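Undergrad: Sharing a structure below in structure tokens format, with a few things to ask.
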Amino acid sequence: MSSKFDIGSLSIVMTLLICFLLLSLAPKLEAELATVQHAPNPDGSISFLVIGDWGRHGLYNQSQVALQMGRIGEEMDINFVVSTGDNIYDNGMKSIDDPAFQLSFSNIYTSPSLQKPWYLVLGNHDYRGDVEAQLSPILRSMDSRWICMRSFIVDAEIAELFFVDTTPFVDAYFLSPQDQTYDWSGVSPRKSYLQTILTELEMGLRESSAKWKIVVGHHAIKSASIHGNTKELESLLLPILEANKVDLYMNGHDHCLQHISTSQSPIQFLTSGGGSKAWRGYYNWTTPEDMKFFYDGQGFMSVKITRSELSVVFYDVSGNSLHKWDTSKMLDSDFYFPL
């Protein structure tokens with residue numbers, strides 16, 4: 001009787017062990033966005049610059065914008081730089097050996113203050129070339145600043161930045177690409193790819209304990225410039241951002257600088273797409289009370305974050321401050337509950 005019980009118990013234990021091993025080896029039903037840890041300053045603060053639509057071999061005032069970025073970056077002692085995409089014009093990189101990487105990036109952003117990590121998303125022009133070239137770790141071995149992924153998180157403790165690959169959301173690139181060719185090799189099947197992005201983003205935002213949440217994408221959710229609002233992002237992405245109390249959405253794509261804040265959404269919509277060629281003279285916005293700032297020239301943006309305050313400044317090609325916006329949040333220590 002005793003030996004039968006021992007054999008039976010052993011059988012149950014072995015069965016449970018096999019089940020545990022199979023479960024541990026099985027793929028997770030919910031994947032997670034890759035996360036890069038970026039330590040804040042000793043006081044918990046961070047500061048960074050935001051530039052978009054820039055890679056033109058230094059032309060169209062790219063070099064002048066880079067010079068002023070270096071000056072402002074030194075004054076602020078920035079921690080890193082954010083790129084909102086369209087890193088290499090006109091058609092991305094042809095290969096890992098494309099000289100455009102050096103001519104549009106390494107040889108342009110040479111100021112000492114800009115020798116910090118650059119966190120980059122892809123834009124639609126980047127998708128016109130070899131996407132894997134921009135994503136390759138070989139580029140980082142050539143220039144250690146370059147950190148480019150499709151979608152990922154930068155965790156700076158006080159703030160988390162969620163980088164989203166927005167180009168595959170836009171129907172027109174698939175339905176009517178005209179004479180353009182896009183590299184969708186890492187995107188198909190599209191429906192599954194987009195759902196994965198949305199699921200992982202929603203999970204990351206929901207689980208984030210950061211004081212400030214910022215989302216970065218190439219395409220604008222709201223814009224008064226040539227491309228206007230991106231309807232696919234308004235319907236698919238915006239509800240997730242609003243439900244998870246995102247503070248800022250930062251983008252490029254439209255070659256301008258703008259700040260939109262609507263009564264329908266608590267999110268600040270910030271466009272920094274003036275890294276080189278700008279689009280002068282185009283403006284289409286019907287609710288002037290929502291447009292806090294619009295500039296149809298070249299420039300960039302800075303962000304400074306502390307435990308209780310966030311400050312955004314837009315600069316032109318000469319480094320002049322054009323627009324500033326500040327907000328604040330209560331510190332945890334400010335909440336007092338009497339016994």
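Backbone N, Cα and C define each Cβ position, glycine as well.
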Undergrad: Determine which of N41, N124, N320 appears in Swiss-Prot for the same Zn(2+) site as D86, H218, H253.
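TA: Within the candidate list, Swiss-Prot flags N124.
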Undergrad: From D53, D77, D98, D247, grab the residue that Swiss-Prot records in the same Fe cation site as D86, Y89, H255.
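TA: Candidate listed by Swiss-Prot for the same site: D53.
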Undergrad: Between H255 (Fe cation binding site) and N284 (N-linked glycosylation site), how many Å separate their Cα atoms?
TA: 14
Undergrad: Hey, of D53, N61, D86, Y89, H227, N284, which of those recorded positions are within 10 Å of H253 (Zn(2+) binding site), Cα to Cα?
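TA: Hits: D53, D86, H227.
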Undergrad: To the nearest whole angstrom, what is the C-alpha distance linking N284 (N-linked glycosylation site) and N61 (N-linked glycosylation site)?
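TA: Roughly 25 Å, rounded to the nearest whole number.
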Undergrad: List the Cα distance (Å, whole number) between D53 (Fe cation binding site) and H218 (Zn(2+) binding site).
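TA: Answer for this pair: 9 Å between alpha carbons.
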Undergrad: How long is the line from the C-alpha of H218 (Zn(2+) binding site) to the C-alpha of D86 (Fe cation binding site), rounded to the nearest angstrom?
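TA: Taking the Cα atoms only, H218 (Zn(2+) binding site) lies 8 Å from D86 (Fe cation binding site).
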Undergrad: Which ones in the same chain are close to N124 (Zn(2+) binding site), with CB under 8 Å and 6+ residues apart in sequence?
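TA: The answer is G85, D86, T167, V170, Y173, Y182, H218, H219, H253.
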